[in-house]
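Straight from TrEMBL, the features:
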| type | residues | note |
| --- | --- | --- |
| ACT_SITE | His462 | active site, proton acceptor |
| BINDING | Lys60, Gly124, Asp324 | FAD binding site |
| BINDING | Gly282 | NAD(+) binding site |
| DISULFID | Cys51-Cys56 | disulfide bond |
| DOMAIN | 5-340 | domain 'FAD/NAD(P)-binding' |
| DOMAIN | 360-471 | domain 'Pyridine nucleotide-disulphide oxidoreductase dimerisation' |
Amino acid sequence: GKNEYDLLIIGGGSGGLACAKEAAQFGRKVAVLDYVEPSPQGTKWGLGGTCVNVGCIPKKLMHQAALLGSALKDAQHYGWNIAQPVHHTWSVMAQAVQNYVKSLNWGHRVQLQDKKVKYFNMKGSFSDPHTIRGLTKAGKETVVTAENIVIATGGRPKYPTHIAGALEYGITSDDLFWLKESPGKTLTPFVFNVSLECAGFLTGIGLDTTVMMRSIPLRGFDQQMASLVTEHMESYGTKFLKKCFPTKVEKLESNRLQVTWKNTDLGTEETDSFDTVMWAVGRAPDTETLNLEKVGVKTNSETGKIIVDASEATSVPHIYAVGDITEGRPELTPTAIAAGKLLAQRLFGQSLELMDYDNVPTTVFTPLEYGCVGLSEEAAVQCYGSDNIEVYHAYYKPLEFTVAERDAAQCYMKMVCLREREQRILGLHFIGPNAGEVTQGFALGIKCGATYPQLMKTIGIHPTCAEEITKLHITKRSGLDATVTGC
């Protein structure tokens, strides 16, 4: 029999929505199923996926709240009379952020309607390779058939269920952004970028915040840069418990949470009480209820992610997957969006263009931002050998920091290049204000195969932080002091 839809997408996040809207442009019959399972703490949200509801959008807005707090301190040096002490009200910020997120949820629904994409607020699972069974919150069932199916269900934060009390008393980033009241004194064990970003803005708005890390910060990122990021956070008031891991969480009569942890360096057991414990143990793909094994969609048994080829195709013809759910792809909104659009163009628009996952820029929105594109120094050395790599680097002071007498010890950048004649740029790493904006601009050049000599011919915009990249001339190999002085 004929299928109802040309394309059915399970998951209304960045990748799924982009794919649906693009397919609709080709006049195809498209449907989207999206359902948010409430977090263990009962938090739920609307259409749009992680980025819109519990990721990039609320995170950047709360990061901005913290930056404004720093700006208030700086302002006095610039002649602004600001009554001290300044005080931050969580509920005002949270309400404003949550209202904006709800407007985005509504906007996504309107866009789907405008493009004649059918939206089902249902949880989908496979009955057979072309049939999806959708269940509403009330348990009402709808069966939908489609010629092509795209899985774009993304991931959800993991809980360390081996730790007593973790699930009962802890929250994750899924909950933090929807809290009505301040989280108060907060502990965030384990160090993924989201935990550092959240700890950074919580400290920035004046909360007592502690990060517990067992090993390295920002796994997968350049480790020299990661260390500078955490050093800066420490100097600005975030506490770090290093070489420590939690063993249990208990609720006290006062409703506070008592956390017990082991210090592996000292071999001791320690405790302290907190108002909130926010786990950041990484994310797990949201595949459990999809019934993938029934239709033969192969997953990586270790990660649970769906195995796809270069065209986002799974092991079953006509079933595809995009975004965080896919094995070996960066867990980033813009890559999911681009992959979703290109997939729709290949399916319905005679395109052959594949998604290119090389040189994808990204930024960690810690109090001092860290932006990067291309290879880390470690990865470059691993790929090409240390003798074939040249690293240009500089410590610099943003002009804005001078009058405000702000410490710029961690404002640093480095460019990883091949050493051979043309000196192609392999990676750029930048820590400083507006790192995302800076990195985005240079990402184009690096995507186009920019070389170090070309960079040296690029005129900087004076006086900006990004300008310092166009003046990088000291190599790590030389051993010379990499501090920028003068204008």
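Positions of Cβ are set from backbone N, Cα and C atoms, glycine also.
Automatic, uncurated: that is what TrEMBL annotation is.
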Problem set entry | Residues satisfying Cβ distance under 8 Å from Asp324 (FAD binding site), sequence separation of at least 6 | Gly15, Thr50, Gly154, Gly155, Arg283, Pro285, Glu331, Ala336
Exercise. In whole Å, how far is Cys56 (disulfide bond) from Gly124 (FAD binding site) when you measure between their Cα atoms?
Worked result: 25
Problem set entry | Among Lys60, His462, which are recorded positions, the residue with the most C-beta atoms within 10 angstroms of its C-beta | Lys60
For this session: Mind checking which of Cys51, Cys56 has the fewest other CB atoms within 10 A of its CB? They're the disulfide-bonded residues.
Result: Cys56
Problem set entry | Chain-internal residues near Gly282 (NAD(+) binding site), provided their CB is under 8 angstroms and they sit 6+ positions away | Pro157, Lys158, Phe190, Phe192
Seminar exercise, completed: Cα-Cα, Cys51 (disulfide bond) versus Lys60 (FAD binding site), nearest Å, comes out at 10
Seminar exercise, completed: For Cys56 (disulfide bond) and the residue listed as 'active site, proton acceptor', the CA-to-CA distance in whole Å is 30
For this session: In whole Å, note down how far the CA of the residue listed as 'active site, proton acceptor' lies from the CA of Lys60 (FAD binding site).
Result: 27
Exercise. CB neighbours of Gly124 (FAD binding site) within 10 A?
Worked result: 27
